[in-house]
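**Student:** Under the heading domain 'HTTM-like', TrEMBL lists 17-295. Taken from TrEMBL, the feature transmembrane segment covers 26-44, 80-98, 105-124, 130-153, 174-193, 230-250, 257-279.
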Amino acid sequence: MTTLQSRVDGLLTWLTSAQHHPRSFALLRILLGVAILLTLVPSARDRELLWGDASFWVDPEARRRGFATFDVLVPKDSPLLFEVAFFGLVVLAVLFTIGLRTRIVLPVMLVLLVSLQANNPYVLNGGDTLIRLALLFMLFANLDAHLSVDALLRRGRARRRRVPAHVANAAHNVGLVLCWFQILVVYVVSGFWKLSGGEWLDGTALFYALRLDAFAVQPIANELLWQSSLAIGLATFVALWAQTLFPLAVLWRPTRIVVLVTLVLMHLGVATLMGLWPFSLAMIGLDLLFVRDSTWVDLRARAGRLRQGVRRPTENPGRPRAAAPVR
């Protein structure tokens, strides 16, 4: 009983004593903001066809699969209101990315994003679902403690607390745990289904994925990869076991470093070769939530020392050094 009580006390202390991983949350905020902008800005010229008055052909499916309570916020039958909502969402995504008034911007942006996506379910994918869930969990978290305009504006000023510190800390950490749980579910389910199918075990799935014309952003690179049995086999092995063993690997620091670096590189490869940048950025941002703040501080210090070493002028070996004055 004493052991159980001590564990409960330790959990409560962890939840309420401090806000964990705020630097990782700041990086997640930036990456999700960029992911949303990568969806909206390139599609701005076709916005009417995708979500506006020219997309009425998707309404039957939108009513069946969409979010019926949200479709009134980005209306198709009012071009003016649609333009205001669409470009308002772009502005909110920019503010969210730079970290300006995130407590106010995030809920409004999330509602508008869901409303826009409700207009056309045909252009949605797993990355959109993941981004919506992550933004929902991030409502509880402190996102502007670092790498934000809000942090710059607060510099040198005491922050006024509207809620007790232990309540704010608990809410932030609950959001962190929810994001952790979400990414664990994604990897476990993905790994399970991959291991359950013969196409993934023998590399056929990755082979055909690299040959899809719709996702061949770098056709030459894709062709070089799918023509190499060694590359296909190695990439398949790494993808299968990095995802399946992720929940266990993150428990021990050495394996956590290996699996996080592996998955980040894997998602960068998916983004580069297949053009799935929004999905990949969301996955990378959620992966980075497992990196502690002390690690980011250490990496920044090492980068600073490296930069100082590069800037320090090197001595000319051919020029004799001046003798020290005799005192």
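Keep in mind that glycine also has a Cβ here, set from the backbone N, Cα and C atoms.
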**Student:** Looking only at residues six or more beyond either end of the transmembrane segment (105-124), which have a C-beta under 8 A from one in the stretch?
**Tutor:** 36, 50-52, 55, 58, 61-62, 65-68, 70-74, 76, 85-86, 88-89, 92-93, 95-96, 131-132, 135-136, 138-139, 143
**Student:** Go through the chain and flag residues at least 6 beyond the ends of the transmembrane segment (130-153) whose CB is under 8 A from any CB in it; none is fine as an answer.
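**Tutor:** Same-chain contacts beyond the ends: 19, 22-23, 25-30, 32, 35-36, 98-103, 106-107, 109-110, 113-114, 117, 168, 171-172, 174-176, 178-179, 182, 186, 278-279, 282-283, 285-286.
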